[in-house]
Amino acid sequence: MDLLYGLVWLLTVLLEGISGQGVYAPPTVRIVHSGLACNIEEERYSERVYTIREGETLELTCLVTGHPRPQIRWTKTAGSASDRFQDSSVFNETLRITNIQRHQGGRYYCKAENGLGSPAIKSIRVDVYYLDDPVVTVHQSIGEAKEQFYYERTVFLRCVANSNPPVRYSWRRGQEVLLQGSDKGVEIYEPFFTQGETKILKLKNLRPQDYANYSCIASVRNVCNIPDKMVSFRLSNKTASPSIKLLVDDPIVVNPGEAITLVCVTTGGEPAPSLTWVRSFGTLPEKTVLNGGTLTIPAITSDDAGTYSCIANNNVGNPAKKSTNIIVRALKKGRFWITPDPYHKDDNIQIGREVKISCQVEAVPSEELTFSWFKNGRPLRSSERMVITQTDPDVSPGTTNLDIIDLKFTDFGTYTCVASLKGGGISDISIDVNISSSTVPPNLTVPQEKSPLVTREGDTIELQCQVTGKPKPIILWSRADKEVAMPDGSMQMESYDGTLRIVNVSREMSGMYRCQTSQYNGFNVKPREALVQLIVQYPPAVEPAFLEIRQGQDRSVTMSCRVLRAYPIRVLTYEWRLGNKLLRTGQFDSQEYTEYAVKSLSNENYGVYNCSIINEAGAGRCSFLVTGKAYAPEFYYDTYNPVWQNRHRVYSYSLQWTQMNPDAVDRIVAYRLGIRQAGQQRWWEQEIKINGNIQKGELITYNLTELIKPEAYEVRLTPLTKFGEGDSTIRVIKYSAPVNPHLREFHCGFEDGNICLFTQDDTDNFDWTKQSTATRNTKYTPNTGPNADRSGSKEGFYMYIETSRPRLEGEKARLLSPVFSIAPKNPYGPTNTAYCFSFFYHMYGQHIGVLNVYLRLKGQTTIENPLWSSSGNKGQRWNEAHVNIYPITSFQLIFEGIRGPGIEGDIAIDDVSIAEGECAKQDLATKNSVDGAVGILVHIWLFPIIVLISILSPRR
């Protein structure tokens, strides 16, 4: 039995946890669009596809519910063309794209999340409709080309237009509409493997009447009011494809800075071809001047070199194309190397042995490259001992060699190779190489104090390799321990003095670096290498870098600072401070963290705590903000009908909120409410007293009155505790004229001034009346009507019919709901969406008549379908009704009260709701009376347990 009572207790705690969420709810989302979509009769798109004309403005709104207020994010997946939504997302309820283009079509997703449950995601597909100008191209049958291009030949006219939706084509000859089969000499067809993309008009064995003006009309059936577009082509016996010629050489070799002009002329073609210039790679230079078929580049550079093509097109046959290559002279990158006698293993230059000097440059064009050799300023010619050669361009382009056979003392001196281009206009490159007894191969060493090299993160460091020898070669630096890039992003860095300078050193740069000699500007021998070790010290990396801790007075708090990484890791010390006050110091042993605790918080214990963990390179810091400030309130945005109007120019607003983590700090004693009119500077403030503790998820309501229509107001709410002010939160409230609520969910308790947009029927006999028990006439008829609204409140409002005189039996009062709009049915999709319609009704009195509910469907003809009916005395209680409805178009609900035979026949309704989805089965099957809603959830869950206890208790 004790186990059973324990089970009851556990279940009660669980249910309290569930109900403790209060109004907190995971997000729901729905997408609506402003304006009307372009409808296609035969397509019948569902509401999840939105069609829009190119160039117009797309506006999609994401309607969300959920508490706390969900964060909204719009994203997009590509449609027919890849588009990444400008590589960004939109964090706003409304997505607005002005001048929408075709590539912006696709599926748009709205994602809402507030940390409760799973994110809510809805999508809508956007189709962008457009129609480009059609283009007609003309071709003759293959293999029949002769001088008279179209004389007694078969001709094909192809019409193409880009569009969405698919285009429909029609042909005309003059004013005559051409149809398949209307003329034996004409055939109209679509090519294989196309889907309405083109339409071909085939003229078989041209006849005299076929020489005429042809028109192709492209149409998308006026979808989105896109007009038809037409293109015409005049076919004659002179119609011919284009031909051109270039009035320039190929290739064209020029010097940098010169102006160049390319001329392209047409030699044939009817109609007259259009001429365009293109470049084989990339676009034309920005400075290019185009004038018809003439292209001018004022001051050419090496970057402008390449192949330029002139293209002529008149939509007859294939376009004509002629090309020329522009070469811009250039000489660059002069370098040399010395190769000792290859038949000896010695790398040194010695008397009596062979030595070879090589020079290399990059030349454009390579055919114009020439080399000249000099010794001590005097020209050298090839001889038996001084052999001058040029390396095969396929092996080593732009390279010349001077072989000195049997080196003699008299051969010592300065040798110069000069590279030049035959065309001139480019400065020569001169390279000097000294051959003497002091010319020796290189050697690399690392100074003793330069490896290992210790530095700190963020410093500037120089890695050094000393190079000896003559001449001194270029030094190449690279990473020796791993295949990673050097600081400049390349795999190797060049140095002319053996020094590698690194700015802003990072910890990732620690490791071994290799310096090695290059063959250029030195000896062509096996590279010399040396290694330099770099050690980068960095201060400790710690977590958390910053943490806010909110805690009430007289409570304890513990702060912990953890070391993630540090170098050097040894001799780590720490110190705790509150502001400038030193609290504690110490040294790490084997642990990776340090803690500081405050057993009982008071005013002097609040503030910023800093924990510094220190090594040779510096300090890492954890910061803790310990505060007693209350968290910000969370405004509730899902209030049903928050705006109501009591006077002509004045409106009121029901402001609701919850308190985030109310138990985190001391009890909230009041809220400071600030309000100011939009655009004004001054805040009007007042305090709202709070009695007792606020529960998590508890909804707090405060009515803002005397607001001026149609002004918007900024509202600021700040919680107050004995610590002081907490975090503020701000929202804007706006007056909006009553509109039809979104059908996702509708609830009306008739509490506001506009009674949720319900209206009286002008064709009935009398009206429904808004009333509460507290405001009803003191001369009311006894023994009929409710004593409170359906929640049990004497101040709550409901709608009722007064059946006292002069009302007569059978007279009707009809109350009309707002018009609810739904999306048109998709004939190829699922069935219509179901909605659960529910309301409370009160029928007490001996003369009760009838209460009917009708579903009025909007269309070309208005139809009223009986939905629900009840009659007779139901007792002094509120009853609930649930009905599933399946509207196929916009609809209204009509409450019709019919007066009974006497004055004790008042009928009332309250809490009308419409929710998407079918009603629960138990709701449809139950019509129980309801006196209040408090505790129902717990009582229902506990009922089986209580029954079980009552059965088992006698057995004890």
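Including glycine, each Cβ sits where the backbone N, Cα and C put it.
Copied from Swiss-Prot, the annotated features are:
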| type | residues | note |
| --- | --- | --- |
| SIGNAL | 1-25 | signal peptide |
| DOMAIN | 27-127 | domain 'Ig-like 1' |
| DISULFID | Cys62-Cys110 | disulfide bond |
| CARBOHYD | Asn92 | N-linked glycosylation site |
| DOMAIN | 134-232 | domain 'Ig-like 2' |
| DISULFID | Cys159-Cys216 | disulfide bond |
| CARBOHYD | Asn213 | N-linked glycosylation site |
| CARBOHYD | Asn237 | N-linked glycosylation site |
| DOMAIN | 242-328 | domain 'Ig-like 3' |
| DISULFID | Cys264-Cys310 | disulfide bond |
| DOMAIN | 340-436 | domain 'Ig-like 4' |
| DISULFID | Cys359-Cys417 | disulfide bond |
| CARBOHYD | Asn434 | N-linked glycosylation site |
| DOMAIN | 442-533 | domain 'Ig-like 5' |
| CARBOHYD | Asn443 | N-linked glycosylation site |
| DISULFID | Cys465-Cys515 | disulfide bond |
| CARBOHYD | Asn504 | N-linked glycosylation site |
| DOMAIN | 540-627 | domain 'Ig-like 6' |
| DISULFID | Cys561-Cys611 | disulfide bond |
| CARBOHYD | Asn610 | N-linked glycosylation site |
| DOMAIN | 638-739 | domain 'Fibronectin type-III' |
| CARBOHYD | Asn703 | N-linked glycosylation site |
| DOMAIN | 746-921 | domain 'MAM' |
| LIPID | Asp931 | GPI-anchor amidated aspartate |
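Put simply, Asn504 (N-linked glycosylation site) is 38 Å from Cys359 (disulfide bond) when counted between their Cα atoms.
Residue density at Cys561 (disulfide bond): 27 other Cβ atoms are found within 10 A of its Cβ, drawing on all protein chains shown.
A separation of roughly 75 Å, to the nearest angstrom, links the Cα atoms of Cys159 (disulfide bond) and Asn443 (N-linked glycosylation site). The recorded positions close to Cys62 (disulfide bond), defined as a CA atom within 10 A of its CA, are Asn92 out of Asn92, Cys216, Asn434, Cys515. Put simply, of the glycosylation sites Asn237, Asn443, Asn504, the one whose Cα is nearest the Cα of Asn610 (N-linked glycosylation site) is Asn504. With respect to their backbone Cα atoms, Asn443 (N-linked glycosylation site) and Cys216 (disulfide bond) stand 81 Å from each other. DSSP gives Cys465 (disulfide bond) a coil state; it is part of no helix or strand. Broken down with DSSP, the domain 'Ig-like 2' (134-232) shows 6 helix, 44 strand, 49 coil.
Cys561 (disulfide bond) has Asn504 as its nearest neighbour among the recorded positions Cys216, Cys465, Asn504, Cys515, Asn703, going by CA to CA distance. Note on proximity: among Asn92, Cys264, Asn434, Cys611, the recorded positions of the record, the Cα nearest Asn703 (N-linked glycosylation site) is that of Asn92. Within 10 Å of the Cα of Asn504 (N-linked glycosylation site), not one of the recorded positions from the list Cys216, Cys310, Asn434, Cys465, Cys515, Cys611 places its own Cα. Counting other Cβ atoms within 10 Å of each Cβ, the lowest count among the glycosylation sites Asn504, Asn610 belongs to Asn504. Within the model, the domain 'Ig-like 4' (340-436) shows a mean pLDDT value of 90, rounded to a whole number. If you take the CA of Cys310 (disulfide bond) and look 10 A around it, you hit none of the recorded positions from Asn213, Asn434, Cys515, Cys611. Applying an 8 A CB threshold to same-chain residues 6+ apart, the list for Asn213 (N-linked glycosylation site) reads Arg173, Gly174, Ser232, Phe233, Arg234, Leu235. Within 10 Å of the C-beta of Asn237 (N-linked glycosylation site) there are 14 other C-beta atoms, taking all protein chains into account.
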